[in-house]
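Here's the structure we're looking at; comments come further down.
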């Protein structure tokens, strides 16, 4: 599995050119993309500026000597490469297994070319087997949890060392065990309108390419009408 993730990450790095502003994703597959960018910066003199999606990726990029800018300092990002937890046949996805969904979506939004790197196990017919992360403000989180429970969404707070996990932005995550999401756009719209929800892990209609590593090698899938 690690070898597949590395293949996908290294393949994605080939899309990075001199002078680009590059969004650096978070997670076990995006990690290899960031490592390869670091190698190219140091060994090939690649000239890029990175914008990170989590404190973990910031530390990784700094350790590799990749020049960084804050997202507030830029208007557009040329290319962002990130992982995904599930991708359906319509190129909608669930992200946020690494608890960085809010920053990931903020970086993805001004990106001209958005690429996901995954291993083939992440490609699914329908989203929902992977729990959907919902980032919520701490105030009123228990009430919101009960709302999700009554709706039958099987919520659970994301935990870390027996405490509720706190994201880089200071929020909680409620994971929804939905099994299947029949209408991802409608479900996203409902969450967007829910007071107390900061962001959710449905990334619908956002990605341009999905790089999939499998036993037969690497495939680059182009999203329709992108």
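Here, residue 1 is simply the first one shown, and the rest follow in order.
Glycine too: its Cβ is placed from the backbone N, Cα and C atoms.
Keep in mind it's a predicted model, so treat the numbers as computed, not measured.
Annotated features, as they stand in Swiss-Prot:
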ACT_SITE  104  active site, proton acceptor
BINDING   26, 27, 28, 29, 82, 83, 84, 85, 95, 96, 97, 98, 122  substrate binding site
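Feature map: annotations from Swiss-Prot on the structure.
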residue : record                       : DSSP (3 states)
26      : substrate binding site       : coil
82      : substrate binding site       : strand
95      : substrate binding site       : coil
104     : active site, proton acceptor : helix
122     : substrate binding site       : helix
Nearest-integer angstrom distance between the alpha carbons (Cα) of residue 95 (substrate binding site) and residue 104 (active site, proton acceptor): 9
Alpha-carbon spacing, the residue listed as 'active site, proton acceptor' to residue 26 (substrate binding site), which is rounded to whole Å: 8
Greatest C-beta neighbour count within 10 angstroms, which of the binding-site residues 26, 28: 26
Neighbouring C-beta atoms (10 Å sphere around the C-beta of residue 104 (active site, proton acceptor)): 28
Substrate site shell beyond 26, 27, 28, 29, 82, 83, 84, 85, 95, 96, 97, 98, 122, criterion: Cβ within 8 Å of Cβ centroid: 25, 30
Proximal but sequence-remote residues of the same chain as residue 122 (substrate binding site) (Cβ under 8 Å, at least 6 apart): 84, 85, 86, 87, 212
Largest separation between Cα atoms (Å) of residues that the record links to substrate, namely 26, 27, 28, 29, 82, 83, 84, 85, 95, 96, 97, 98, 122: 16
Cβ neighbours of residue 84 (substrate binding site) where a neighbour is any other Cβ within 10 Å: 27
List of residues, in chain order, with Cβ under 8 A from that of residue 97 (substrate binding site) and at least 6 apart: 27, 85, 130, 133
